[in-house]
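To start, the structure itself, in structure tokens.
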Protein chains: 6
Amino acid sequence: MRPSGRQPDQPREITLTREYTRHAEGSVLVEFGDTRVLCNASVEAGVPRWLRGKNQGWVTAEYGMLPRATHTRGGREAARGKQGGRTLEIQRLIGRSLRAAVNLKRLGEFTITVDCDVIQADGGTRTASITGGCVALIDAIRYLQRKKLIQQDPFKQLVSSVSVGIFRGTPVVDLDYPEDSGADTDMNVVMTEGGGLIEVQGTAEAGEFTRAELNAMLDLAEGAGRQLFEHQREALGMRG
Amino acid sequence: MRPSGRQPDQPREITLTREYTRHAEGSVLVEFGDTRVLCNASVEAGVPRWLRGKNQGWVTAEYGMLPRATHTRGGREAARGKQGGRTLEIQRLIGRSLRAAVNLKRLGEFTITVDCDVIQADGGTRTASITGGCVALIDAIRYLQRKKLIQQDPFKQLVSSVSVGIFRGTPVVDLDYPEDSGADTDMNVVMTEGGGLIEVQGTAEAGEFTRAELNAMLDLAEGAGRQLFEHQREALGMRG
Amino acid sequence: MRPSGRQPDQPREITLTREYTRHAEGSVLVEFGDTRVLCNASVEAGVPRWLRGKNQGWVTAEYGMLPRATHTRGGREAARGKQGGRTLEIQRLIGRSLRAAVNLKRLGEFTITVDCDVIQADGGTRTASITGGCVALIDAIRYLQRKKLIQQDPFKQLVSSVSVGIFRGTPVVDLDYPEDSGADTDMNVVMTEGGGLIEVQGTAEAGEFTRAELNAMLDLAEGAGRQLFEHQREALGMRG
Amino acid sequence: MRPSGRQPDQPREITLTREYTRHAEGSVLVEFGDTRVLCNASVEAGVPRWLRGKNQGWVTAEYGMLPRATHTRGGREAARGKQGGRTLEIQRLIGRSLRAAVNLKRLGEFTITVDCDVIQADGGTRTASITGGCVALIDAIRYLQRKKLIQQDPFKQLVSSVSVGIFRGTPVVDLDYPEDSGADTDMNVVMTEGGGLIEVQGTAEAGEFTRAELNAMLDLAEGAGRQLFEHQREALGMRG
Amino acid sequence: MRPSGRQPDQPREITLTREYTRHAEGSVLVEFGDTRVLCNASVEAGVPRWLRGKNQGWVTAEYGMLPRATHTRGGREAARGKQGGRTLEIQRLIGRSLRAAVNLKRLGEFTITVDCDVIQADGGTRTASITGGCVALIDAIRYLQRKKLIQQDPFKQLVSSVSVGIFRGTPVVDLDYPEDSGADTDMNVVMTEGGGLIEVQGTAEAGEFTRAELNAMLDLAEGAGRQLFEHQREALGMRG
Amino acid sequence: MRPSGRQPDQPREITLTREYTRHAEGSVLVEFGDTRVLCNASVEAGVPRWLRGKNQGWVTAEYGMLPRATHTRGGREAARGKQGGRTLEIQRLIGRSLRAAVNLKRLGEFTITVDCDVIQADGGTRTASITGGCVALIDAIRYLQRKKLIQQDPFKQLVSSVSVGIFRGTPVVDLDYPEDSGADTDMNVVMTEGGGLIEVQGTAEAGEFTRAELNAMLDLAEGAGRQLFEHQREALGMRG
């Protein structure tokens, strides 16, 4: 039995609120249950130095957590003077995942930075960031098209993400904090609408996991993915 | 004429939403028009080293701005590896101001940290932070009382803050970003309900200002202060 | 009664020694009683990146304290790896204040950096820095004129600064350390010769202050200002 | 055809040289072909603050690359003043993986730090680090037993790691640099002797990968794992 | 011929002004010609962690240069966020040298930190720092004795330092900046009154130097040393 | 009697292994007994900003120690976020010494960075770094010549280095760690084949040293230098 009373294959309630703030070219508040992440996509002319003159754009992500997004207050990374390893690892994952949604060659020499800032954390902040960040990214792309700053459509495919895990021996999807902190195995899956895999990151927190468990978890992720893509399409006014 | 069409003595619409997030002992979203700041007050047992054994508590504040709270994206301070001078200056001001609301001797050996994170900026983020932070601080104090962690009531007085300035020759209150960036003089005033002054920080951005202008600005601040205290009392269910 | 035996409206003995060191284009040792600050103004060709091509100059300030300028040794900021919030706040204030002395449009594409390094501290280091820094700044401007590097005269007006406060219930001017550490209210005022205000930063250290007290403090600042400008003019060989 | 001429399921030549340096309690040079990593395991009394009094030990890892371990010189992280995101991500992975080899409860209040420093890089530095680090870790445990510093045997199981990927459409094992930089999909697998999975981190570098490809890659990893465990057992003088 | 017109064996005019600032237990302004360094010795109870319980004291030094001590303005190390290699090298040298003046066993568990801050630089700042720092250190020791905080006399011997070099083929003593920047070889010598050597650091800036040149330089240092010790004794009111 | 049983004038066994790693233009493992340092020389086009357009090249060095190169584990400088003073001091010495081997005017606008990373430390890491780094540097120069990237030969002379000291009253050469940590005086000497001195850095660790001792130590260094140059020539296939 899950602490939340959810079925093993039942993700939390998911909402995607576009235009959540006013300045960003794409601004989405994503909620996976009590996990709330503000995903702001910013368009800037130019690309990083190592891409200059290559006639392509760039998509990157940054991740942060407000100090009291969590049960107990965490130190402010800006005050400590550096981003922690967990933060850097997560923002690298978000960036890689979001780049799978875009044809960088068609983006022109623009950089889109997707800032994912966790307002409230209850497990699954990185998967929510990818799912919401993809919507913000598409809004930023639409902005570029609307302003006629790019001619071609760099959008390639929707990308979404969900966590799966083995909790008290049972494979479950979209772990909240009580499950996440007690799970034997935790896996984050980044997927495309067509059923393809972009990232699979599974970790045995205690013991190990089997190939069979891995497959059960991937099945759950696939099922939840269908719902996530539906949410994304609906938010963006896309047809399935 | 003000860009927003407001009267010189008319502050923006102000809202204070308590219990905005779930984990913090006090969590208030404060809005001064389009300026939105999340103020989370966190209670922690213990005091900074230099206060140990002095039989008193401590109240401090930290301030941050989400990278795309502003018109153009600002670098993430955590990524740059340090907080800028403006950030440090503002959080020192917020901390000093909020300590005026509390009798630290009655707080016991607890530290309350008020994190003020700007979700969307449109001028006046520091005054909104103080005004909203005070409400979050009181919620944190009530938490300590409810949990019977302290016996006495450390609450001393409400503290609120508003900006005033000289915009195109006219004294105005609660400047939004278009006014703030074009004002000749900008002043932040921190006040108590009884009409006392906690902080007055006036800066001539161009030219200088006279004693008469200073007084006109303080009159405006006093008027707006009455409204701010009314908002705070209403949010907290206090009588005037 | 003031610990020093001074009258409430009596500033400390003030001296301004020009050409204190040999390399800087302007080098002034300013003494407000036992507070001694070395103000070195350095001329460098070019302006910060964000001002390039705008056909104007820039004036900025940096502030530091020798580790044993104070009663007990403070850590060296260079060794700690960052400047503290107080340092940054003060150097921002000095920079803003000194820019009020100069017409940046007439400065050409030069940057003048005024380094204010506290050799010995006894209260009022920031006000001494502004008062002495203004003299060093003018020497640097004269250097530019003497070398015919600029054609027009960028000097606009003298700027000086003094602290005022409420000490044991009485408004006093130019607080030394024993007063400063015990004052109920502390205010730094930056003024022009014409009686205008550039900066007013008042802080209630304990309790609050009234409009009447604010006015009494500003009167004291104005009185001391007249003496400071006289010292500056005398040091610079200017007529009143 | 692989650039190296290897079969798809053929790992590079693997060597594990124990006692490579003199001071560390465990010191192993691991070579996966031209990739050479020095893994030094250091025993220190005590545990991190957050584990004190919990009657258990700790195993952690740090990872670094000599500046010229790679084709072109990379900046020295110590000179840049921080470890990059890739470094932190890798050392977190190594640490988690090695903890799976140990029963921390039986380790006593000791910390074993496994430093993995890449002398020469040719792809697969993190998998080599885990494979060699496990041997160094066991030598450090044996040191503790030999010195009678612990009574029980904290060794739980061997852990090894190998990379797999899809290179030009074909699943291959143990990618060297030319393959790694051109692969469509890259996956690092951390395994136990019993066939269990500790970590699975798969990334689509271009496009996406399918469940079938994932399974093919895991089969390859399993096969190479058998060889890696054989190398570890042989190096350590253990029976299979 | 030396640019200054001095004889090869003629040091610059040397002055040692004690009690230069008010707060430090020892405060000496040392001048070697136009090189001016403020040496403040601070007494603090306690010793660094690694010396605790060893029943001895510690003497250390820190070195800094005011940004405009030099011909062109150098960046402020506190603003850059770290001390440069030259700074660290010099302060390590000063610390080692000053420890030779003291019997640490007799100092009790006190730390004396000698801050050497260069007010004006004209070559030889490190040798001036050692020479002046020694006098400040002795004043700090006398303070400890006067306050009866220590029973025994930890003073061991005077230590002084001077630079020597080969300038245009001729060995010269106490190089000023024009010589220092053009010298073929530069050597700093730290000496005791009894003729012993504490530190010898010779560097060929161009080409190399011979044993004969080394000896000629050491002879010069010895000669200048006699004068330096005389200055120190006179400043301190000691007999030769 | 030396702990190692060596004669006072007997250096440890010295080996220089070229092409130790594969990517660097010069890669030498140098061993002075149990001290092992990997010296990698990297060629990069371009020179530091302050040398641009001066039509010359640059040679610099960086130094690091693997965390467990020593008896007890030292913290990783990259993790601590800065290089220590000892590290910076050593790498500045290595850089200056190696520049004496090269005619920078003939190097073209190339920078050669010699990374000296200590794999195992047993005293004398800086002297081994210079001796081995010189060989790596020459290999990098030969690479530039072989690739016809430079026309002239920038090689000037071999440079080598050895430590000498006074151990239990006796001058000895090439101190290992037990001697180094117990020596009264420690001196590092950098020499040229022709008998010239590049650097002499002598430090009295306890007491002081005399001119006679200095000379005895230099004699020993000269003797060992002859052997070091022989090793370098042999490794490089040069005639004596």
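Note: Cβ is positioned from N, Cα and C throughout, glycine not excepted.
Remember, TrEMBL labels are computer predictions, not curated facts.
DSSP assigns D:R126 (phosphate binding site) to a helix. According to TrEMBL, the feature phosphate binding site maps to D:R86, D:G124, D:T125, D:R126.
Residues or ranges marked as domain 'Exoribonuclease phosphorolytic' by TrEMBL: D:11-140 (among others).
Positions annotated as domain 'Exoribonuclease phosphorolytic' by TrEMBL: D:158-222 (among others).
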Chain-internal residues near D:G124 (phosphate binding site), provided their CB is under 8 angstroms and they sit 6+ positions away: D:F32, D:T35, D:V162, D:S163, D:D174, D:L175, D:D176, D:D180
For the domain 'Exoribonuclease phosphorolytic' (D:11-140), the number of residues DSSP places in helix, strand and coil: 42 helix, 43 strand, 45 coil
Phosphate site shell beyond D:R86, D:G124, D:T125, D:R126, criterion: Cβ within 8 Å of Cβ centroid: D:Y63, D:I90, D:V118, D:A121, D:G123, D:T127, D:A128, D:S129
CB contacts for D:R126 (phosphate binding site) [other CB atoms within 10 A, all chains]: 25
Extent of the phosphate binding site in Å [max Cα distance among D:R86, D:G124, D:T125, D:R126]: 13
For the domain 'Exoribonuclease phosphorolytic' (D:158-222), the number of residues DSSP places in helix, strand and coil: 18 helix, 30 strand, 17 coil
Average model confidence [pLDDT] within the domain 'Exoribonuclease phosphorolytic' (D:158-222): 96
D:R86 (phosphate binding site): tally of other CB atoms within 10 A of its CB: 14
Set of same-chain residues at least 6 away whose C-beta sits under 8 angstroms from D:T125 (phosphate binding site): D:T35, D:V37, D:M65, D:I90, D:C116, D:V118
